[in-house]
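Here is what TrEMBL says about this protein:
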{"type": "TRANSMEM", "residues": "A:12-35", "note": "transmembrane segment"}
{"type": "TRANSMEM", "residues": "A:42-72", "note": "transmembrane segment"}
{"type": "TRANSMEM", "residues": "A:92-110", "note": "transmembrane segment"}
{"type": "TRANSMEM", "residues": "A:131-160", "note": "transmembrane segment"}
{"type": "TRANSMEM", "residues": "A:189-211", "note": "transmembrane segment"}
{"type": "TRANSMEM", "residues": "A:223-251", "note": "transmembrane segment"}
{"type": "TRANSMEM", "residues": "A:257-277", "note": "transmembrane segment"}
Amino acid sequence: MSAVLQYTVQGLAAGSFYALAALGLAVIFGVLGVVNFAHGAFYMLGAVAAAVLLDTLGLSLWGALIVVPLLMLVFGMLVERLLVQWLLPLDPLYNLLLTFGLTLLLVDLVKRRYGVSGLPYERPSALSGRVEVGGVGLPVYQLFVIGVALLVCLGVWLLMTRTRVGMIVRAATERPELAGALGINVGRWVTPVFGFGVALAGLAGVLAAPFRAITAEMGSDFIIILFAVVVIGGLGSIVGAVVGGFLVGLVEAFGQAYAPTFAQVLIFVLMAVVVLARPAGLFGREEATA
Amino acid sequence: MLEIENLSAWYGEAQALREATLSVGAGEVVTLVGRNGAGKTTLVRCLMGLHRHLTGSVWLDGRDITSLPAHRRARAGLGWVQDDRGIFANLSVEENLLLPPRVSESAWTLEQVYDAFPALGIRRRAGGTTLSGGEQQMLAVARVLRTGARVLLLDEPSEGLAPVIVAQIGEIVRTAKQSGIGVLLIEQNVRFAATVADRHYLLAQGRLVESLDNDEFVERQDELLEHLGI
């Protein structure tokens, strides 16, 4: 029983990274139609930025949780303005290739500057150690990660459902052309939405910094799992990204515990089952036959 | 109000519209009748700025809007009701109404909309596409009326709807007309068209072949039906 609780918390913590990053991937895909391959690299940059800021400026994790996503927001908006926007009128494949190339570039730049061995990150003492829950010692940091992820997901959900911006994003996600023909300047939202999605990947990276090895390559496996998450949840679905993220985290944790050799495979088995049963994903909408 | 001059449009090499010239005045209901593939939808897409491979020009209230992007045409006063109604599934009924920005002083308030369409008021929190087909059509029309659009482009609003709903839509069109709104109605339902319109254009193979007032139209209804192959 205690083991189950431990693996659940561990799975939800891992799922938190997936959920946050997948949320960013989903809004970007929804509004721009871009499958952002560089999302794993943005996640890595978030973690690296947190480590570098701690090392050079002594910026704590608390500060990094605010500062790094803001930096990533600006960085994402720059990437969209300088690169992504030029390929938007073309086949989506071009932006997939562009962001794939960007990934290689970012990874190599980080390797060149910070090496391959990984950067150290000491978690704040308040978040170290374990807390006793029902006779089981659970890592405080994992609970913290889950809490932050749930708060941010709730915040994004409120933003999407309770504000005019959210309404416009939902409409533009569903039918961009129609939203435009109803007087919405969809193009105006493209850059901030891309930046916002990148900021979420950066936030996931900051949260991962004290928890995972911070290397230039840390985003490479991450992005593959992330694609599985959005396929399971439903491409472009906000709720699907979050549920898919936590679900994949749980599958991974229990897989590693009970069938370590199959842990990674299990995620893709889950993906295959979902796609067979519901081709559009758990929360995806079937394309209307027009 | 809305003037279209020598509008031609292409899909690749294929020409879908051939030098169409037509106009819709304030408070005037004009229909565009033609069989499937005649170029009706292409014409509307050109008007909304969604189809760009074209020559000719489009004027709204004396202003050349031919090169404006779609959202600025909507803001200039063109209100488009799509043939599939274009209701957002991810938005509630009320959000569907509130999404497009107000474009003129004659914009309806939500209260006016709910007075005119009680069913929408009752189901304002429901998902847009959970409404029945007829209610969705009401919502689509109400949505453009709420913006205060000066010219409505209604693409087959009566398609697939029960006669009682079609009659209601006719009522709305007449109300809009009385308030000075111009209406371009794309229709295959010739009988419905005859009940609401002032003038009619017949479109065949991308060409406007005839322009008739409503009396002539009614008189020649059977002949036209045959000609159009409807």
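Just so it is clear, glycine is given a Cβ too, placed from its N, Cα and C backbone atoms.
If you look at the transmembrane segment (A:92-110) against the transmembrane segment (A:189-211), you find fewer than three C-beta pairs under 8 angstroms, all six or more positions apart, and that falls short of contact. Note: the stretches the transmembrane segment (A:189-211) and the transmembrane segment (A:257-277) are not in contact (fewer than 3 CB pairs below 8 A, sequence gap of 6 or more). The transmembrane segment (A:131-160) is in contact with the transmembrane segment (A:12-35), judged by 3+ CB-CB distances under 8 Å for residue pairs 6 or more apart in sequence. The stretch in closest packing with the transmembrane segment (A:12-35), judged by the count of Cβ pairs under 8 Å and taken from A:42-72, A:223-251, A:257-277, is A:223-251. Within the chain, the transmembrane segment (A:42-72) has long-range Cβ neighbours (under 8 A, six or more residues past its boundaries) at 17, 21, 24, 106-107, 110, 114, 119-124, 127, 148, 195, 198-210, 212, 214-219, 222-223.
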